[in-house]
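As written in Swiss-Prot, here are the features:
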ZN_FING   43-65  zinc finger
ZN_FING   71-93  zinc finger
ZN_FING   99-121  zinc finger
ZN_FING   127-149  zinc finger
ZN_FING   155-177  zinc finger
ZN_FING   183-205  zinc finger
ZN_FING   211-233  zinc finger
ZN_FING   239-261  zinc finger
ZN_FING   267-289  zinc finger
ZN_FING   293-315  zinc finger
ZN_FING   351-373  zinc finger
MOD_RES   SER391  phosphoserine
Amino acid sequence: MYTSEERCNQRTQKRKIYNVCPQKGKKIFIHVHAITQIDGHIYQCLECKQNFCENLALIMCERTHTGEKPYKCDMCEKTFVQSSDLISHQRIHNYEKPYKCSKCEKSFWHHLALSGHQRTHAGKKFYTCDICGKNFGQSSDLLVHQRSHTGEKPYLCSECDKCFSRSTNLIRHRRTHTGEKPFKCLECEKAFSGKSDLISHQRTHTGERPYKCNKCEKSYRHRSAFIVHKRVHTGEKPYKCGACEKCFGQKSDLIVHQRVHTGEKPYKCLECMRSFTRSANLIRHQATHTHTFKCLEYEKSFNCSSDLIVHQRIHMEEKPHQWSTCESGFLLGMDFVAQQKMRTQTEELHYKYTVCDKSFHQSSALLQHQTVHTGEKPFICNVSEKGLELSPPHASEASQMS
């Protein structure tokens, strides 16, 4: 038997050896395998010949060689070498974050995550990127960041060969193949493949909009939507077309634009096999087969929601397009625009054509008139391949084909 003083000395010895241990094994047994003998028993790993003073440490070592992970999460079936790792993991599902920062009360599910966070308050950022000079509190964060410079994506999906820079992104991607959705909303029981998706969804119940614009005070539930909104104020358009160098604020807008160059029309109507460049155009077209939008006053149906809205104004006697100088109102915006043109007939015509001295209110009208003299027909109909001038009906015909 050991006295309390001897046991205290042993614990001190373990802590000291733990701090200077040159081995690269799991931290849970580093301090154990470095001690040759305490109570007279030595446990040796047959694979790597390391010696341990505790049988548990030997078992942990052997699992690193065999790949055995006996502890399984019953929520997502992920497996672990140690029971303590399983307990830490289960906090993700239970939303349990027992490690709280004393400075800002932010909570974490793992003590290592808390340690990394606390460095931000202490101003300690030990890990610096040698390419851009950015500092990080944890070496793992630096490693992931450096992949943004190198383009390295070491995590490969075995199903579709897609690569990722983060292991968490790969885990989330795999769920698109398995259909697994481990994160469930307690309010409506809707399930999600990613925790961030669940958090965003929960804000629909709470009404929380944590991302607020300091320019116009508009707020958002999603960080991605907030980033896109800020570009309205900054004018930033980071997504550039390689074919014509046109820039866009959103990646989705760039993808749609690029189809102008490639001719790709990925959205196909299963009724008539007609294809479209945008999903919104397909949805609008599909309504022509079903007559989706119905008036509640009459049994009249419409292909587009906008047509139904205009029709309903007849019942409500609503005329939203109001002339500022009198009480005249219009159901349709196009009627309002036509009236504006009539009222400005006597006003100055700014755009004059030098060949025939004809003048116009708008530059677009002047450009359209020029084609009468030049004979140019720059717009080609995709069906008949006829050349078209820029006139309202023909322009509409050309746009409907995309």
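Backbone N, Cα and C define each Cβ position, glycine as well.
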When counting Cβ pairs under 8 Å to the zinc finger (211-233), the leader among 43-65, 71-93, 183-205, 267-289, 351-373: 183-205
Chain residues in Cβ proximity to the zinc finger (239-261) (below 8 Å; excluding those fewer than six residues from its ends, i.e. six or more beyond): 228, 231-232, 277-278
Query: Can you count helix, strand and coil residues in the zinc finger (239-261) using DSSP?
result: 11 helix, 4 strand, 8 coil
Field: Per Cβ pairs under 8 Å, the stretch of 43-65, 71-93, 127-149, 155-177, 267-289 packing most closely against the zinc finger (183-205)
entry: 155-177
Field: Leading stretch by Cβ pairs under 8 Å, where the reference is the zinc finger (155-177) and the options are 43-65, 127-149, 351-373
entry: 127-149
